[in-house]
Structure formats: C-alpha cells, structure tokens
C-alpha cells in the first residue's frame, strides 16, 4: 500500500492543521444548525376546523386540458349534497387556490371554510375598522376612496382548487411551466362553468344573476403563488381574466432552490414580463398606444416571517416586479389581528391568518355588482386597510391610529350605528374628581373615572421633554389624552375648553398577549399586557402647559367578579437615558458569557437597544427577570402572603415587558409578554446589493415601577440554522469556485513540468495566507463592491458582508475537503478489493470466466466499441441529456471518471505489490548487483507509478467538479422519477445545452497531458493556459454564489466545454498532437 499513500506525502503539519480546522468549523456550524432546525417552533397559531367536500369539475366537450391534472370545487358542510345540482347554482365570486411544491388541492379547506363562516357571520366589529391602517407605507399618502361597508357581505366566495398531483414544482422548470398552462386552462374553465350554470338556471326558470364573473381571484401558496403570477402574463390567458392575486409564502424574486438553470431562467422570464406589463404601451415612434397590460392587476404577497425556513422574506418581496401603486408585501408578523411568524405549511391553516384573509377577500366584493371592484385603486385600498396595521417601520415615525368619520364604522350586533367620536363628555365643573400628578411617572390601576393633570413645564424639565404612554385601555372609549394651554398666557378669546387639543388619535395600537385569567372569582390577577402606545415629542407639546389623562368610569356589576386590572403608565423621559448600545464584541462574547443589564426601579419606560450586528445574522435570546418592585413580602400578614414569591408579586403590579423590532424586509416583529424569547428579524445585511442596515434597533417597553435583570445571549443554534438557510446558495456557488481553483492549481503545476498535486493538496494550497487566499477570496469581494458602486446599486455593510462571505468560502472548502476524502476512500477501497481478488484467486478457478470474456470481446461490434469508447460514451451521455434528463447524462460522465480513477489506483497497487514480490524472491541477488542497475530499475518503476498518480489526481478533480454539477440536478431528477409513465416531455433546451458543454469539458480534458485547453491561442502576446481559464471560471462561480444564483455556475463550466470543443475541431488536422502528448507523459 505504499503506492497509495503518495497523495499525502507532500503534506506538512501546518497544511493538515488548516484542513482539520476548516472541517471542525464546518462540523460545529452544521451540528448547531441541525439542532436549531429540529427544535420545535412555537408559532401561537390556532387550528382551523372544517367539514370539507370536494366536487370535481368535469371537462367540457371539445376541450382538452393540458396535462393530467384536475379541478375541484370546495363545499363546506357535513350534509351530503348533489354535485350536479350544486354546480348548477354557482353564483358567487370565483377564487382559485393553487397549491405549492408537493402540495395538495385539499389544502384549500382551511381558508375556504373560514370564508364560508365569515360570509355568514358578516364583517368584523366596529373597533377593527377604527384600528385598521389607512397608510400603504411610511411617508405615502393614500387617496380618499369612497367605500361603504354594510352589515353583511354582498356575495359569497366560491373556492376552486387545482389538483397538480403533488408534483415538485420547486425542483424543475418544465413542471412549473406545465402547472402554469393548466392554471390558465382552469381559469377559463371556471369562467365557462359560471356561464353554463347561468344558462342552466335560465332554462329551468330559476332566478339567475345577471352579473357573470369576468375574472378569477388567484390565491397561491409557495410555488403556487409564482404560478399565479406566471398565469397572469401567459399569452393564452383571456384579457382581464385575472385582476387580483394573493400569495402566501411564495417566492417572487428567485426560486428557493436555485439549482436548475431552466428554473432560474423561467423566473427571470416571468419577472421580466411583469416589469414590461406595467409600462405604457408605445409605438416605435414613441406615441401612446394603450395603457399597461397589467394596469388592472393587484398583487399582495404575505410572508411567513422569520419562522418560514423554506422561503425567505427577501425572496417574497415584490420590489422591482410590481410597483407600489399595484401591490405590496406584508409579513404575517405585522398583519392586523395576526402578529405571528409561522412555518411554511402553517400559513395555510393558522386560524388567525386565514380568518383575516377571508374577510379581506370578502371585502373586495362590490355590493352593486356582487363581483370584485373593477377599480384597481379601490381594491388596493381595501387590501391595504384590511391587512396593514397602523404601526410604522420605526418608532420615530409612528403612524398614529386614525379615528375619524371618514372610516366606515360597523355597529355591534343588535345595536345601532355609532359615530366615531368619543362619547364621553369631560366637563370643567368636575375638578373635584381630578388628580394632580407631581412625579414624572403616572400610573393608572383602575377605571376610576378621574382625570389626571400633568404639568408639562414642571415634569418635563431636566431634559425629560418627551412623553410616552402605554395602556391596555381602549383609546377614546377607555382613555383620552388632551393638551391644555395656560389660560393667562393665551391671546385667544375662546374658552379654555375650546382651545384644548385632543391627542388620543396619536395613539398606536400594538398587539397584546393573552390577558391573565383569574385563579378564582374576585381574586387579583396579573397585570394585563399593554395594547396601545403614545409618544409625544417636544414639538407636539409646544405651546401647551398641561397634559391630561382622562379615564372612563367602570360601573360595578353586582354578582360578577371584576375583570383583569386595567392599566396605564405614562412617563416624561429623556431619550438619551433609555438608549443602550450593545457592541459587536459583546454580542460575540455573549455566545459563551451572556451580557447582563440591570434596570433599576424608576428607569425609563422605553429603552432603545441598538445592536451593532444585525439580529438577522446573530439572533439573540433576550431574558428579563424581575429583581424587585417595591413590595415587601415580610410586611404582609402571614395569612395573606401564602406561597407568593417576589416574581409573582411583581407581576401583580407591573405590566409584562414588550419588545418591538423593526425589519426592513418584513416590517414589524412584536414579542408580547416577553420574559425569555429569541429575538430575530428577517433582514440579511450581508447579502450582495442588500439595502438592510448592519445594526438593529429594538424598542423595549418595561414598567418603571419594577427593576429587572436583562440578559442578552446569542443563540448559537438559531444563529447557525439561520446562517445555513440564508447563505446556503452562496456556499453552493463557492463550492464550484473552490473546485475550479483546485483544478487551476493542478494545471499550473503540470505546466511547470511538475507532478499533478493531489486534489486535497490543491484545495489546501488555496487556503494559504496571504497570497492564494486573498487573491482567490478577497479580491472577488472587493470587485463585487466596486461593481455595485459602478452600477449605482446598494452597497452592503462592508464588515458583515466581508465576514459572512469569507465564512461561506471556508465552509465551501470544508465541504469539498469532506467530499474529496470520502470519494478517495471509496475509490481506494474498491481498488483494494479488486486487486486483492485478482491476486488471491488462482487463474484456474477463473479460467471459464476468462474464456467467456475473451469470446465476448472478440465480437466485431464489441471491438469497435472498445476502440471508440470515448465516442460511444459521449454519444450516450449527450443523448440522455438531450432527450431524457440532464442528470442521467452527467452520471455517465461520472462513471467514466470513476472508472479511470479506479484503473489508475489498481495499476498503482499492482505495481507496488509486484515490486514487493520481486524484492522478496531476489533479495539475495539484489544485494550483489551494482548500485547503478538497482537505481535504474527504481526509476523505471517510479516513472510508471508517477504517471498513474498524475492521471488519478487530475481525473479525481474532474470527478468532484462534475459530481457537484450532477448533484445540482438531483432534485429535478427526483421530480422526474415521480412523473415516470405519465407523459413526460423533453428537457428544456437551456439545461441540455449547458450540460452538453459540461460533458465536453470532461471528455476533451480527461487527461492532464492531452488537455485541449492548452492549445488556446495567445492573447496580446501572452499564452493562455488551462490554469488561466480555470481561474476566470472560478471567479464567475464566486460571483454566482454572491448573487445567490448557484445555477449560473453552469455558464462558466459549459463555456470551458464549448471552448474545448472549438479548439478540438480547429486542430483535427494537426498530426503532432498525439506525438506531443506521448513525449510529454513519458518524460522520465
């Protein structure tokens, strides 16, 4: 086995340490990420229940639907119905549900069942429409839209669903295209079915609605959302057949698994059609022709937030695809009445979300036509108002809750409509019930019907000129706030009461956690979490002397226990006192030593925690433990203390802490009732051309009456799992770059008349500092930043972008090292078994096998194939790639590489054993021979072993490179096997063409001495060798990884293949190639 160990003979201690260190780093991150991904997620969703019935929609005569898919109509109810009769009564608003990757049409049941309940129960209560947002985004104005909301929805929703056979549309571009074609057919079939049902009712004399639906609302989950957008721009779709699209956890920017080139091309083509669809149609001369083709289409993308591991929020964004005037993206964490992050599948059944979606879609129906509004801006206004909350993206720009007569109000059931103005009348003659606050902090523990006066000039001194107020009382009906001028300093002749400014409308509603329950009737409960917050700047209070907080009285009801304690806390504060910054060093060290922060009593109510590293990179675990609240347990009678401890007593006095984190990717993240929670956001500032900030600011609302011990700890599992999920595509692209750099190293050594280094040595060499590592990793990063600057693109934060990219590069090296070691071990094991069997068994025992093999080889056809093995293998591989599946053709190429590596190892092992056998038999004779003769024999044997080693090392590198390329098509191959026997189509031309180029690269450069890339003509007097081309290809793969588009690596490898083919064709008539290669390989 001495001949097998040559590959590591040149390795020293330091190279081994580099390899071991990189592998250990990757193992730690991988194990931590696996632990984080397997950890159960608490999403807080409520399960949705239903009684589903699925009615198949038959194919009409003369129509041939594409594919083998199906269309179903959903019916909610436990009673058995007649399908034909039910279909003939269709008169609602058609909504088509499109499942995602490996999804089922039955996933429509949750949202369809809740839509039926919402239609029967009617719209939300009046308070919801008071709290809903009128703003599409920060700083944007909303046009006034006339909209009257009645006490009952105008028409029901008819939910249809397409059965796509559970195919993996996220893995293959051809499947995605076929799904799009069938959805177009389903849309036309649904509209035709309504006309057929209308005609049937007319023939039977039944009452028939005169307004037939002209379009279908599309609701898509995961890849189904992209299919919905692709159907909207399909050339065969009827005009205006789709005007409203709602997507749930759907990727729009690029596919989640961007491995297959055709999948990336299809995404790019559809997105390009959408960009053109919102442009005004003009003639070649520039004159106006028509409005944009998609001017009537509105799109809303609902993201699952940070708990959605399968589709990241960045991919769900509509930026650059749909203008803000026709759509928006919103995260479930910032949706009104939802406020939850959920997993990829949970978004389909999460009751809080599907209820909100159901009411939203029902609100789109016009009472005059019983169909969705045709006005695009009205539909967008309704979607905005029903989904977005009044909270802005940062606390400094909080958008207040609007309480005005312009909002449609809905009275509670059984009551008359009420106006939106506050019904309470605070009179000036009730001063005997007023309280005058002398401290900067005011606390309200009951609805006592009193008004509290705060002197702004007195309490707002010493820099405490900001005011913040949190409460769980209902704004306006439960609590009101007013600003009062000083009567003596006013020049107005109006009474004081008419110069009062009410600021209740500036209050912002925040999601509150569940209210505490009483352990027994009449017992005291924990403080309820706040549900609204108000912040007043010095500019807001300028010109006023007093601030009053008026609390409505609560009438006692005899025989009933009191409700949970009402709460409100206000405070004049200095923002600088509540500003705390956590440095990057503290965050990194908190992985092992948590950072402790003590908040003593009478601390600021609002803390702005600024983290130097984005929580999208380093999620933290924020823990708050009550340290004290001024309650002395020993002062209570023994019978009253019971088993109460300090923590329980403090919860009776102080409201639960709340954390609000704003994220540029998905909006607001709210963590109510926070005592220990992992805080994470969706922003990823380390991505190329990312607009996210490198820092994250978190608003912490804590009761100033209690002291807390806050602990900040970076969660290693959460950090690792998020890192792998976010930057996995980047690691894949870098892996190809690492392999091309290794091939560059091998080619460079060969051109310098040296032996081809082992693949592991070539990979390790690229990690050496400073020269190879900086040239291969740092320079591409700087080049990408310079390119972003030239193209006027957003430049990511330099520190995080550089560090994350370098870590991804190290992980890619570790992955390649593991792949090299494992593959070499398998090849050596097979070669060892082969040579052992061949030498241990006698020739007589295998004679009959030898005779049979000889007779088989003597066949003329077999001899022709044996003499033209390369040509036959090329034809087989290209045929499979072109007509069957690209992965199968790449597997043939891998088999050729593996067979060559196996033969080389077998030759090395056989030569080593033969040499050992000769040494044992002629030991005595060799002692008497001359030194010169012995040396010549050794040189001869060494030349043969070295030649086979060069072949093995070179072919091993090609094997790993093309293995990575084949693995990119494995998901598509799995989807292809699922469709066997169901009428598959040919692969996409782009996939086939690129894989054919990969095959040519492997075949025409299969031996180090005959690599066709060495015959590349000189450029500007410089000879370009294979190592130059591998270097440029490696840079291309590096940029593909930074762009999170690993499928683009096929462009670089296929370019090498087609360049090799071009050079081979141009040198067909050159006869010196074979002679030159022979002399080159037997140089010794």
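Every residue, even glycine, has its Cβ placed from backbone N, Cα and C.
Bear in mind that TrEMBL entries carry predicted annotations, made automatically and left uncurated.
These features come from TrEMBL:
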| type | residues | note |
| --- | --- | --- |
| DOMAIN | 90-363 | domain 'GPI inositol-deacylase PGAP1-like alpha/beta' |
| TRANSMEM | 20-38 | transmembrane segment |
| TRANSMEM | 724-744 | transmembrane segment |
| TRANSMEM | 773-792 | transmembrane segment |
| TRANSMEM | 804-827 | transmembrane segment |
| TRANSMEM | 839-858 | transmembrane segment |
| TRANSMEM | 865-884 | transmembrane segment |
| TRANSMEM | 958-980 | transmembrane segment |
| TRANSMEM | 1048-1066 | transmembrane segment |
Sequence-remote partners of the transmembrane segment (865-884) [C-beta within less than 8 Å, at least six residues beyond its ends]: 857, 890, 892-893, 896, 986-987, 991-992, 995-996, 999-1000, 1003, 1006
For the domain 'GPI inositol-deacylase PGAP1-like alpha/beta' (90-363), mean pLDDT (0 to 100): 86
In contact by Cβ distance (the transmembrane segment (773-792), the transmembrane segment (958-980); 3 or more pairs under 8 Å): no
Contact call for the transmembrane segment (20-38) and the transmembrane segment (1048-1066): at least 3 Cβ pairs under 8 Å, seq gap 6+: no
